[in-house]
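Trainee: Quick one: this structure, given as C-alpha cells, is what I'll be asking you about.
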Amino acid sequence: MSQQQPRREQGDQAADPIKYGDVFAVSGELGEKAVKPEDAAMMQSAETAVLGKTQQSGPAAAMQSAANVNVSAGLVQPGDVTDVAAREGVTVTGTAVPGANIITESVAGQVVAQYIQPTGAATTGGSRREITIGEALEAAGQTIPGKPVDQCDAAAIQAAEVRATGSDVITPGGVAATAQSAAAYNESMIKDEDKVKLGDVLSGATKVLPADKAATRQDAEGVVGAELRNKQDMSTTPGGVAASVTVAARMNERSQQQQS
C-alpha cells in the first residue's frame, strides 16, 4: 500500500496549497480542494476505528504530511476542515473475502486507497481458500455500491463472467446481461439517483454466475483491459470491478506463494 507524496513542480514556492489532486488520483471538486488538518484527523480516526491504528504510509499519513506543509506555509489554519470532506465524509471500510479483508479508504465518496489485510482465516488442513471472481465482483458492489453502472462497468463485468465461466456465451439474466441492461438504462437517465447502481447489479453475483473460479493474474488483466477500453481517461475505477478482481488475484498469488 504505497501513497504518493505531495507533488510540487520545481520553482513552486507554495503560492497555492497542496490539494487532494496533488496527493491522490481524485477528480472534480475534491481534486481542487486543499488538504486541511481536520481532514487528516478524520482519516486518522477512521483508520484507527477500523484497523486499530493509523497505517504507515497510508492515506491518513499522506494527508497529515500535506496538511502540515499547508499550515507551515500559512495557507491553511490549524483546525481547518475541507468543506466537501466535512459534508460527504471520510470513511474506511472492510469487505470480507476468504482469508482477508479488502480495505477501502475514501474521502468525499472518492476512493483514495484500496489494499488487502489478511485475516488468517484458513480452510480445513491449513490451506487458505482462494478468492473467486464472483466474490471479487461482490466485493466491488460492496465497496462502491452507489456508483451508477456505465458501459465501462458492464464491459468489465462481462469480461469477468466470461473468465469465471470459461464460456463466451453470456448467460441470459446473468450478472453480465443485467449490467449491460443497467448501463443502457442509465444512459437515458439524467439524475444519478434514478440510475441503477453497481451494488444492485453485483449483489449476490456468486449465486447468479453459472460457474466460478479463483481469480488469477490473467483474469485480472483481461478484466482491466475490458474496463480500460471503454474509458476515455484510460484509468480503472478505484474500488471498481477491475480493481477488485486485481486485488483478489494478488491475494491468491500471495496465498500460493506462502503455501509453496
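Just so it is clear, glycine is given a Cβ too, placed from its N, Cα and C backbone atoms.
Pulled these from TrEMBL:
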{"type": "DOMAIN", "residues": "18-72", "note": "domain 'SMP'"}
{"type": "DOMAIN", "residues": "131-188", "note": "domain 'SMP'"}
{"type": "DOMAIN", "residues": "196-254", "note": "domain 'SMP'"}
Trainee: Could you count the residues of the domain 'SMP' (131-188) that DSSP puts in helix, in strand and in coil?
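Mentor: When I sort the residues of the domain 'SMP' (131-188) into the three classes, I find 39 helix, 2 strand, 17 coil.
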Trainee: Helix, strand, coil residue numbers for the domain 'SMP' (18-72) per DSSP?
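Mentor: DSSP classes over the domain 'SMP' (18-72) add up to 37 helix, 2 strand, 16 coil.
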